[in-house]
């Protein structure tokens, strides 16, 4: 009841505020509330809303702001609701402020007009800007592009007719040229007559910081930059300059026999150079013939030649007969060894100052080429050990080859470290051709197609096929999956190339027109990554062999591509391998342990 009374009290107060007299209000429970006839007591409660409380300040603000401002400001990309109609320009405006949530670098795809993001159009071109900038610095006035008027020193503007630094009138230019000429003549006369001594302080003439000195020593627009011209070199400087020139000459490795530092010499180690019949020690034995056509995989070590003090980088059998083997050492020496009889070193050729990279016999074996890291290519006489000629371009030759045609035995091809393949005519000593298309140092050169073409591989992970004598690539093979191929050899039937790929496999390419990769034949299992291990075939073409980075020798069957045998040959890398041309089951290998094994 008390509660009801209190409600009634509040109601009454409210009513009294709203009305003049209680009688006018039919609902009012006035003084007659005690009468029994009156209507039952009514309680009016304050109204309550069940809707959730909403913060409408943002709405009020957006309504309050004028729509024009909305149209000019950019849209916030993180906002999910846009409560006005944006214009096209707004939708495509560059994003300011927080990054876009769904783009890597905070720019939505549609915003890009440059690979680094969004670039706004400049209202002034770079040339125009430079022109105004330089004009302002020279004359003191410049055009203001926003208001279409000039700012700065307007007196100078009127005086110069508003020219900029880039549009000097023709007559002005001529006038300047004449002035310059006159100045030059004056200075020369002054120098001859010695007048400058009369009217200029002689101390000033000797002081490089003064105007007089500048006028006297003016040779070029930049003559003033030098702090005193030194004419005489001191003794110490002369000595240094000489040493430096000498050192530079040595580094160049002699441009065509120039700056040659190593004296070519050769030592014969055999008993006698000619036997009792007068035959030379390099003459092939008469009885050397192929015993049978079938090749067999070697099983045991027959002989080891040791004489190189460092690793051996390449070996080559004497052509056709194989009774001698030539080896290139990293100890700068090239040695030739007897294979059939004594098994001793027959001759040492010393003519390089750094490690020897590659060697190659001519067709009859009487001469051979060596390429060294001292940037020289030398052509030796096998028998006497004399250097017939030396070639150099000042770059390191990585591979040397002679054209296998009998009538082109004087043509030398060398793959260089500067991405070129250089062709010399050895009779004249002239460079006759340069094949310059590779993007990395050239690693191999292999003649194919009756020696009309040759294939080169390079550090740029591509193979290129060239027509001999024409420096245009006729076939370019480069696939994304290809690795560098530092060693390539030709199958005895001339139809296939085996390429040692640095992803630990040997790939086979056809030498027919299209030079396709033979996908069915690949030989793997060995680890050669990082080493230019030579790959080779048996003379009958039934086996493929290659060294590997762990000193093993791998043999695969050509038809089935299965590993036939592995032999542990060397400590360290087994870099080179050659199958004997006549003895069917003998193989020579060389490694970085300095040994050659047979």
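Just so it is clear, glycine is given a Cβ too, placed from its N, Cα and C backbone atoms.
Values in this document were obtained by computation on a predicted structure and should not be read as measured data.
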Quick test of your reading of TrEMBL: among 166-206, 289-329, 330-370, where does it put region 'Disordered'? 166-206
Scan 85-116, 117-148, 213-244, 245-276 against TrEMBL and say which stretch is down as region 'Disordered'. 245-276
Contact set, same chain, for the repeat 'WD' (349-390): CB under 8 Å, 6 or more residues outside the stretch: 252-254, 256-257, 260-268, 273, 280-282, 284, 310, 313-314, 316, 318-321, 324, 326-336, 396-402, 404, 406, 409, 412, 414, 426, 429
Could you give me three numbers for the repeat 'WD' (305-339), the DSSP helix, strand and coil residue counts? 0 helix, 20 strand, 15 coil
On average, what pLDDT score does this prediction assign to the repeat 'WD' (535-566)? 88
Looking only at residues six or more beyond either end of the repeat 'WD' (305-339), which have a C-beta under 8 A from one in the stretch? 262, 270, 282, 284-285, 288, 345-365, 368, 370, 372, 380, 382, 534, 572-573, 575-578, 580-583, 588-598
Helix, strand and coil counts within the repeat 'WD' (535-566) (DSSP): 0 helix, 18 strand, 14 coil
